[in-house]
Amino acid sequence: MMSNKPLPNHADLQPYNYAVAGHDGTLCDPDGELFIKPCTQQEIEFYETAFKDHAAFADLMPVYLGTLSLNDVTDVQSINEQLPGVADHMSAHMKEEAVHMAHDVAAKAAAEAAAEPQENDNIRWRPNKNRKIATNKSVVLENAAYGFTRPNILDAKLGKRLWADDAPLEKRKRFDEISKATTNGSHGFRIAGMRVYKGSENPAELDQEGYKVYDKDYGRLTVNRDNIVTEMKRFIFNPAAGIDEDLGKIIAGAFLEDLKRVERVLASEESRMYSASLLFTFEGDGEVLRAAIEQTMPSTTSSQGDKEKNGQTAAASKPKGADIPGLSTSRVDSAIVLDDDGEMLAVDEEMEDDDEMSNLPRIYSLKLIDFAHASWVPGQGPDENNLFGPVASDNKTITLQPYWEWRFSVTRNASVTVRLLSGTADRDGTELALNRAYKFSNTKSYIYTLQGCTLEIKGSCESRVAEYPKPEESPLLTYVNMHFALQDERKKAETTPGAQVQGPRVMICGRAGSGKTSLARKLVGWATRMGSQPLMANLDPNEGLLSLPGTLSAAVYGTLMDVEEPAGGFGIGSTPSSGPGAVPVKVPVVYYYGREKVEDDVPHWRDLTRKLASSVRAKLNKDKDVRASGAVIDAPSLGDGKEGLDLLAFAINEFSANIIIVLGSPQMGEDLQRRLAEEKTALGEPIIVVPLEASDGVAERDDQFMRATRDAAIKEFFFGDAKRTLSPSTQSIGFDDVAIFKAPDESEAYEGQPVLEAAEISAEMSHWTLAVMNASVNDPPETIRQAPVIGFIAIADVDEDRRRLKVLSPTSGRLGNQPLVWGRWPEPYINLLG
């Protein structure tokens, strides 16, 4: 916490002159202890969440003291509310000066904001030429450079990728060019700026305070992969300022230890930062630095002559408190001592004797800064963009015997590359090509072999090999046998004339986590490889087939699937919205349910199931190839009770399914067998129930993983994936130019309420994804709600004062007469635009 000093007089506040990179507009008090930095709301939220829920990460950041809203209504009371910990130590006069400062800065920010166009089409980039952020908010921090006499400062811009997900296309291209041309691309960081006290023997190269300043062009044009070590040495080793090799090695060793801690923390946290920096600061005056180290540990810098005079190398004495059990020595921005073996130690500033340690001079500091494009991403793994280089890899070659499986789990923004070296291998029914590298990300899946294979694996992920001593012990064998039985039925339908003969309509049932969706994909993939064109339908709103979760959909599969796509070719990445690709896209028919579970709105699910079944029947009747191939229907996960059986029986009847696979649930199989024993399909066929064993390799997908998967699908719909970058259109739409409908709440549904009602546009809609219906705003509510979906938009922001919506759309152009439907699931994606 900042010392109990009064807030500076407004007239005394001055621009912060020690900034070596970043935006202009930062302020500090005359002592330099208080640092006020204009920032966005996202950066404030990142600071607050870090200090609340991520203590280890927060310890890497500058001390966060609060925020100030710099506007013309700021008053003393708001100062007390905004800075509760700091305001207690401020006099009434100083609070009035802070209010004056807020009004002055607010007026400047408003003028600057008015001069800059704010519209963004996600393609063009309008660089901020005056380097000032158009914002009325500032974060109040303890200055990382406070307490140094002559601070040397280096700003290292982190990451190979420098742009956030919401960056316009032009900005992405420009920043990618910068990364490729600098050490961001080769080493994962770049010197964004640097100032070194007495950094040149030529006085003309020094500023009025005696510093040589290296601006952004230094890191972009001078420093490269070949000379980066030499150029970095200029920052620390500086005989002109009295920092000889011995002193420089002490500082370099201290930074190294703290960098290791930064690496450990980032590897343990699930965060994403773009264009964040590491701020290296240390005392640049060699005489002051040596004295500071001697005060912390008197014998550290004893001269070699003194050591020889004593006839031995002086042992480094430990500071007071160093022998206290449990003392933390890992705090970033610490004092420095050496242990008895001459190894560097970092001594925590927060020791038992706080008063003694607080009086020690500053020696060095290492802080993470600049979080304008930072966020927490639960379930998506560590930030590998900023951990570039130190992330351990798991490169290996494995051999699988027939019917063995390699099961793996890889988080979002992490990746693993797999190459088939010999034999044959599949993923979800699609065969891997020999000697081709496949990159997987954000998935829990497995690769299996029917004949044996050797795989080369590069990257780090959780994985294991499932071994089966005999093929018959693997559930995979029964799935293969089922496939060949279905192919026999397809051949019969193909060779028998008449529209009344259809291929098998297979419905796969089972509880959540039974692997029914994975089996459906295998059966479709295998059939496609044999030349069939099966139709696949999804009745489980929790999954999403070629669409976002919260929908029911169906599509014909007559071409290859994308093995690398997280859903194995059955996800949003295989639709036309994701742009051109090497694998032909599939065009689904989609109906919007807008709930997570069937039980959330059973009547509406029945209506949409009936509509989807009608579309499937029409396709089967119209296309002879699809008719002979039949359909595979992924049923929703329902319980074994009567209500669940009734819903399954309803779906079986609507789709005229004649083969029912029950996976991993003997009780459900027996109940359906009894229920359907006397039933026949619309074509007069008996209904066969086939119980199959569930695989023991079904990946456990917890709520956190499923939320991350849903977010990834929404993001991919608008922005594309690693192979195909999309640039959605951002539009500003008036409240009166759009028609948004919503379903009644669950408590009101089907209790005399309409099936849809006009929604009152409010801030509550922010961050929600809405369905664009293939209907007219003048159609009856029943027609709108049961219409097919033609796309989705995301509500980025709601301005109730101006009555404007900021909308993210895959394509440009007006919505026209199409109504929008606001469901209740999937939940809002808060960080879609950063």
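Keep in mind that glycine also has a Cβ here, set from the backbone N, Cα and C atoms.
Feature list (source: TrEMBL):
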BINDING   Glu405, Lys444, Gly513, Ser514, Gly515, Lys516, Thr517, Ser518  ATP binding site
DOMAIN    502-745  domain 'AAA+ ATPase'
REGION    297-328  region 'Disordered'
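Spanning the residues Glu405, Lys444, Gly513, Ser514, Gly515, Lys516, Thr517, Ser518 that the record associates with binding ATP, the maximal Cα-Cα distance equals 18 Å. Here the domain 'AAA+ ATPase' (502-745) has a mean pLDDT of 87 out of 100. Listed in sequence order, the residues of the same chain lying 6 or more apart from Thr517 (ATP binding site) and placing their CB within less than 8 Å of its CB are Ile508, Asp540, Glu543, Asp634. Ranked by Cβ neighbours within 10 A across all protein chains shown, the binding-site residues Ser514, Ser518 are led by Ser518. Neighbour count (other Cβ atoms within 10 Å of the Cβ, all protein chains): 28 for Lys516 (ATP binding site). All protein chains considered, the CB of Gly515 (ATP binding site) has 22 other CB atoms within 10 Å. Secondary structure from DSSP puts Lys516 (ATP binding site) in a helix. According to its DSSP assignment, Lys444 (ATP binding site) is in a strand.
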